[in-house]
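K.L.:
I grabbed these lines from TrEMBL:
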type	residues	note
TRANSMEM	20-41	transmembrane segment
DOMAIN	21-245	domain 'MacB-like periplasmic core'
TRANSMEM	289-311	transmembrane segment
DOMAIN	296-409	domain 'ABC3 transporter permease C-terminal'
TRANSMEM	344-364	transmembrane segment
TRANSMEM	384-409	transmembrane segment
TRANSMEM	430-454	transmembrane segment
DOMAIN	502-618	domain 'MacB-like periplasmic core'
TRANSMEM	691-715	transmembrane segment
DOMAIN	695-807	domain 'ABC3 transporter permease C-terminal'
TRANSMEM	743-762	transmembrane segment
TRANSMEM	777-800	transmembrane segment
Amino acid sequence: MIQNYLKIALRNLNRFRSFAFINIIGLTMGMTCCFMILLFVRNELSFDTFHEKFDRIYRITYNPKFAELPTALAVLPPPVAPLLPGYFPQMETAARMYRRNASMAVNQGDIKKSFEEENFFFADSSILQIFSFAFLKGDPKTALNETFTVILTEEMEKKYFGSQSALGQIILFGGMHPMKVTGVVKEFPDNSHIHFNFISNYQTMFALENPEARENLPRNWIISHSFTYVLLKPNQNPASVNARFPQFLLDHAPKQFSKDIEYQLQPMRDFHLRSNLGGEAEAPGNITYLYVFTGVAFITLLIACINFVNLSTARSLKRAKEVGMRKVLGAERKHLIQQFLGESFLLALIAFLCSFILIQLFLPVMNTLTGKHLSFSTLLNDPILIPSFIGIFLITSLLAGSYPAFFVSAFQPITTLKGSYTSEKAKGGILRQALVVVQFAASIGLIIAASIAFNQLHFMRNQPLGFEKDYIITTPLFSQNLNNIFLPSNDSLYQKIKTFRNVLKQNPSIEEVTLSSQALGQGSTRRGIVPEGFTKEDNKFIACLAVDYNFLKTYNMKLLAGRDFSEDFETDKESAFLITETGAKSFGWTTPAKALGKTIDREGKQGKIIGVIQDFHAETLSQPLEGVLIDVDIPQLNLFSIKISSSNVPQTLSFLEKKWSEYFPEKAFEYDFLDTSIARQYESDQRLGNIISYFAGLVVLISCLGLYGLISLVAQQKVKEIGIRKVLGASISQIVILLSKDFIKLVLISFVIAAPVAWYFMNKWLQGFAFRIDISWWIFLLAGILAMIVAQATVSYQAIRAARANPVKSLRSE
C-alpha cells in the first residue's frame, strides 16, 4: 500500500508541477530561515558551557550606589578577591582578571617586532582552577605562580615567534619589561564571554606601576577595574553568599562607602544574555533579541505552512473527481487521509533536504548579519540541533498536510462526480481567508518593525553629539590602563608631544591636534567631587575628562560662558575646570554665568570653574545626557585626536605613521576614525534591524505565494462566472476588480491587526534608548501601502490570466 501511495504521490507531483514547485520553494525558505535562526540561538545559549565547572562559576557584580551609576558594574576594586575564600566557606577559590591594552614586542636579532594588543589580562593564578584552559605547552599548576610570567594563545605564539616554541622565551611588555612565557594555550571558542591573547600574573600589574600606584592599588576600594570570579564548592546555594555580602563590606570596606555598596553573585549562565552591566570586557548578548529572533523563525515557518495549506487547498479542486471515484471504488476516508498526508510528507521531505543545501549556501550571509562564525559542521556535530530539526520537519509536514488531507477526504462522491463540488469547497473559505490575514499581518508587522528600527539607527548616527566627529583620527599615546591616574607629571614627554603636534600642524591636510584622557561618545570615568555649597559627606560623582589646551577648538565645542583653557594662564593647569551646562545645573547653578567662579574639589585637586560649555554626549545615546567636568591634567593625556582634511586621506595617514615612528618608536601606530568607533557601539541594534528587514522581505514573499494559491482557487471557483461575464461584455479590468476586491479587504484587516501590535512592541524596544525617535504615523501608512501594492500585484497577475482565458472553454460543458 505504501508503495502505491508513493507512486500516486510522484505522479501527482509531476501532474501539478507548478503547485508542487511553489509548495516546495515556500517550505524550503521557511525551514531554511527557521533552522538558521535556531542555529544562531543555539550558539547564543551555549556561551561559556565549554568550562568544566560551568555550573559552579560566578562573578561578583558591583553597585556603588554613592556613584549614582546608571547600571551596576561587572568589575570590582582589587582588594576584594583575596579576602573572599577565607570569609565565605561556600567558596572554593576566587580570582581577579584585569584587562588592558598593551604594546607587546619581541627582539628578533637587531629588529624589534611590536604590536598593540587589546586583550592582555593580569590574573591571579587561581583563574587556572576556575576556567578550563587547554594547555598545549607548560604546566597549568605553576604557569602563573610568579610575577613577570605570561601565558599566551597558540595564535600569539605564531604571531610573535613564528615556527619556534614560545615556551621559555622572553616577550617585552610595553616594549621594555621582559616577561617569561610559561604556557601556550588554545584560544577560547567564539561562544565565550571573554577572550584573551595574553594572561600575566596579577601581582605583575602592581610591579609595573610607579611606587605611589604600587602602594595604593592593593588597598584601593574606589578604583574598579578587575573582574572577580569565584568558584563555589559543590552543592552550595549562592543566595547564602549574597546574604552575607553586606556584613562582609561592613567588615572590610572603608566605613564611608560600606553602606552604599551592593555586591551580588551572577551565575556564569547569565554572563552573556542577562547582563546589563558597565565595564564588560566584550559586548554581551541580549536575551530580548533572542526571543525576537526565535519568534521570527517560527513566524516564518508558520507562514510557510499556511502558504502550503492554501496552495494544497487550491489544488484540491482539480482532484475532487479523483477523490469521488476512489470512494465509489471502495476507498475509505482513512486511506485517502493517509495518501494525502503521504504526499505532504514527501513535499516536506524534499523541502527539508533542500533547506540544508540553502543553509550551507547562506550561512556566510547569516554570519555577516549576526557577526558570528557559524559553520555547517557545527550544525552536523550538534547533538541537539539535528534531532530538533528533524522534529520540526515532522511537525511541519503534519501541520501543513493535515488540513488539506482531512479537507479533501471529506468530499462527497455524488457531488464531486456531478461536478457540483464548488459550493462545498467554499465552506473552507473563511479559514483560508483567515490564514491570509495572519500571513499579511505578520508581514506588515515586520515591515513596520524594520522601518522603526532603521529610523532609530539613522537618528542615532545623525544625532548631534555636541562635538565634531567626522574626519577625526584617534590614536593612543599609551596602552589603555585605568591605573594611569597614578602617573606622575612628565614634563619632558609633554614637551615632546607639543613638538610632535607642531610638526603635524605643518602639514596642510592636518587641521587641528589635541589630547585627552579618552575618546568622546564612548563612555566616561566618573570621579568624586565636592562642589561649592556641598560637604564631603554629600559629595557628588560626575564624568571627568582630562584635556589639553586645544581640545574645544579641535572638537568645535561651543563655550556658553567664561573662557577656554589657555597656556597664557599658568594656574589653568593646576586649579581650573570647565563644566557642561547640565553639570552646572545638577549642582544648582541655574545659568552658565552663575557657575563661573564656583569652586570644585576633585579628590584633592581644588580649583574654580572658568568656563561653561554646551552639553555633549560623553556616553552612548542609550544613556541619558549627564554633566561632564573637564580639566587640564597632563599625566592623564593618553589619546591624540587629529582632525584631518577630507581630501588626501591615505596620504595623510601615511604621513602620520611616518612621523609617529620618528617620535614614538616604542609604540606601534594604531588609529581609528572617531565616527567609525562611535558607530560600532550600535552594531547589535544595526544587526537586529538588518535581520528583521531581511526576514520581513522573506515573509512577504512567502505570503505572496499563499495569496497566489488563494487567487488560483477563487479563479477556479468562478471560472464559469468569469466566462459568462466576458460573454456579456465585461472588460479585463472589471474582472480583475471582481477577483481582487476581497483580497484587498483581507490586507486592510491585516493592517488593522498588525499596526497596534507592532507599535506596542517597537515602543517597548525604543524605551531602551535615552534618545529616541517618535513613532510617526507615516511609517504605518508606508507599510500598509507597500503590503497593498505587493498583494495587488500578486492578485492582478493571476486575475489577468483568468480574465484573458477563452470563455468558450469554460462554458462549452453547459
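Glycine is treated like the rest: Cβ placed from N, Cα and C.
Unlike curated entries, TrEMBL annotations are predicted automatically.
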K.L.:
State the residues, same chain only, that lie 6 or more residues beyond the ends of the transmembrane segment (430-454) and have a CB under 8 A from a CB inside it; answer 'none' if no residue qualifies.
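P.N.:
Hits for the transmembrane segment (430-454): 296, 299, 302-303, 306-307, 309-310, 313, 403, 685, 688-689, 692-693, 695-696, 699-700, 702-703, 706-707, 710, 713, 742-743, 746-747, 749-751, 753-755, 757-759, 761-762, 765-766, 773, 775, 779-780, 782-784, 786-787, 791.
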K.L.:
Mind looking up the mean pLDDT for the domain 'MacB-like periplasmic core' (21-245) in the predicted model?
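P.N.:
For the domain 'MacB-like periplasmic core' (21-245), the model's average pLDDT rounds to 90.
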K.L.:
Using a Cβ cut-off of under 8 Å, list the residues of the same chain at least 6 residues beyond the transmembrane segment (289-311) that approach it.
P.N.:
19, 22-23, 26-27, 29-31, 33-34, 37-38, 40-41, 44-45, 273, 344, 347, 392, 396, 399-401, 403-404, 432, 435-436, 438-439, 442-443, 446, 684, 688, 691-692, 695, 698-699, 702-703, 705-710, 712-713
K.L.:
Which bits of the chain, at least 6 residues beyond where the transmembrane segment (344-364) starts or stops, bring a Cβ under 8 A of a Cβ in it?
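P.N.:
Distant contacts of the transmembrane segment (344-364): 6, 9-10, 13, 20, 23-24, 27-32, 35-36, 39, 308, 312, 374-376, 379, 389, 393, 396-397, 400-401, 404-405.
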K.L.:
Could you break down the residues of the domain 'MacB-like periplasmic core' (502-618) into DSSP helix, strand and coil, giving a count for each?
P.N.:
26 helix, 44 strand, 47 coil
K.L.:
For the domain 'ABC3 transporter permease C-terminal' (695-807), how many residues does DSSP put in helix, in strand and in coil?
P.N.:
95 helix, 0 strand, 18 coil
